[in-house]
Amino acid sequence: MEKEQKVEAERAAAAAAQRWVIGAGFWVQGFRLFPWLGVNFFLKDGMGVAASSLQILQASANLPMVAKPLLGLLSDAVPIRGGRRLPYVAIGALLQAVSWLGIALWPSLTLPVLTIFLLLSNFGASICEVANDAIVAEAGKQATSSSGGQLQSFACMFGSSAGALGNLLGGIALSYFSPKAMFLFFAILLVLQFFTTVAIPESSLKLPKAATNASVVSSIRKQVKELSYALCMPEIFWSIIWFSVSYAVIPFLLGTMFFYQTEVLRLDSSVIGLSKVFGQVALLAWSMAYNKCFKAMPARKVLSALQFITAVIMLSDVLFVQGVYRNIGIPDSIYTIVFSGLLEGLMFFKVLPFSVLIANLCPSGCEGSVMAFVMSALALSTIISGYLGVALAEYMGVSGDDFSALPVCLLIEAACTMLPLCCSSLIKERKEKEKKQE
């Protein structure tokens, strides 16, 4: 009896440590929206970058995220000081701190130098996210079936709440401080994360341990084999294909809309910040609602419904830029805060149910690699989406001075968003009988 109580106490302590690490890790990564809001205004107002260049830089800065599968294999196969997750979180935090300190303190910042620092920052962020996603997946495997998906919801709630706070503070800070002051503040936060993470022993998380008798090469070879096996499973392969396509086919006009809101409508930074806050609050509410109401629903239905709702909001943007809502008494600022913010949040609503689906389908031992591959596919898809948005705006003649063709661009964007609904049958779920056999 005493032994069982001790085991139960150790399990509870490990669960508490896991939640603390997951919460802190996702909170800091969610708060990255604080300096990134400053980057948008710094590029537009401080460096005079055009709308197309802004969106190209936003998309290109995510290129390091595509390397997540390699980072996942590395973290799965190569432990650092006996740990496979927290040391990588510390390394990622340090790289981000160096990059944001560089942006904040570089005397005469040019666009190429800024681009290099942003790429370094996102490379560090990708390392952190790979390790954090793996912790969630591994800890989720240890949870009971009745609590499956709770850690994913917990992580998403912390990330979205930090994103909401970051955008809120960012919108206010831009009215009183320079963007470089925001970059310096976030760099200090990352330094604190680095030292805190280094001080936590990974053994306290009670995660699966790496094999100590295998060489690095054989461990990586083993992880590649396991990742290949997992990706060849039909339910994982086709689901990832649909998830990637659902983003890649959308010519997302994020940079164009940012210029339209700030240059044509003359909305200030606080309104833009509040719109992003609304999107993050919506994402937070979705995290809680999914865990309570939608977790038991088939993933195909949830993902398809979210895709359809996203397309509807995009159609609403057509009426917005034509002034329909303004004519019926809805101010541009209110629409931007509510609907533009909701649209940005909706673009990432699908990540939570899809992460839960993949975590349930993923074989044990390669959670980090598979989740990293999924996030890499998401990053690559959003990059393609951003480039397509720039190409569409250029083809239709939309620029910082001419937005006459913007309604047509938004109609095309909404139509492309509906396309993945035609192949939603690609989303596969393992049957209950197969789960029991496994």
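Indices start at 1 and increase along the chain as displayed.
Positions of Cβ are set from backbone N, Cα and C atoms, glycine also.
Annotations in TrEMBL come from automatic prediction, not curation.
Feature annotation from TrEMBL assigns transmembrane segment to 20-43 (among others).
Cβ atoms under 8 Å from those of the transmembrane segment (153-177) belong to residues 19, 22-23, 26-35, 37-38, 41, 132, 136, 268-274, 276-277, 279-281, 283-284, 286-288, 290-291, 295, 345, 351-352 of the same chain, restricted to positions at least 6 beyond its ends. If you look up TrEMBL, you'll see 153-177 (among others) marked as transmembrane segment.
The transmembrane segment annotation in TrEMBL covers 183-200 (among others). The list of residues near the transmembrane segment (183-200) in space but at least 6 beyond its ends in sequence, with Cβ under 8 angstroms from a Cβ of it, reads 17, 21, 24, 28, 31-32, 34-35, 38, 86, 89-90, 93-94, 96-97, 100-101, 103-105.
TrEMBL lists 236-260 (among others) with the feature transmembrane segment. Long-range contacts of the transmembrane segment (236-260) within the same chain, counting only residues at least 6 positions beyond its ends with a Cβ under 8 Å from a Cβ of the stretch, are 40, 44, 51-52, 54-55, 58, 230, 272, 299, 303, 307, 317, 321, 340, 344, 347, 350, 354, 357-358, 361-362, 370, 373-374, 377-378, 380-382, 384-386, 388-393, 398, 400, 403, 406, 409-410, 412-413, 416-417, 419-420, 423-424, 426-428.
Taken from TrEMBL, the feature transmembrane segment covers 272-290 (among others).
Taken from TrEMBL, the feature transmembrane segment applies to 302-322 (among others).
As annotated by TrEMBL, transmembrane segment applies to 334-358 (among others).
Listed by sequence, the residues of this chain that lie at least six past the ends of the transmembrane segment (370-393) yet keep a Cβ under 8 A from its Cβ atoms are 51-52, 55-56, 58-60, 62-63, 65-69, 71-73, 75, 126, 129-130, 133-134, 136-137, 227, 230-231, 236, 240, 243-256, 351, 354-355, 358-359, 362, 399, 409, 412-413. The feature transmembrane segment is assigned by TrEMBL to 370-393 (among others).
Sequence-distant contacts of the transmembrane segment (405-427), counting only residues of its own chain at least 6 positions beyond either end whose CB sits under 8 Å from a CB of the stretch, comprise 238-239, 241-243, 245-246, 249-253, 256, 260, 299-300, 303-304, 307-308, 310-312, 314-315, 317-318, 321-322, 357, 389, 392-393, 396-398. According to TrEMBL, the transmembrane segment annotation covers 405-427 (among others).
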Query: Between 20-43, 272-290, 302-322, who has the most Cβ pairs under 8 Å to the transmembrane segment (334-358)?
result: 272-290
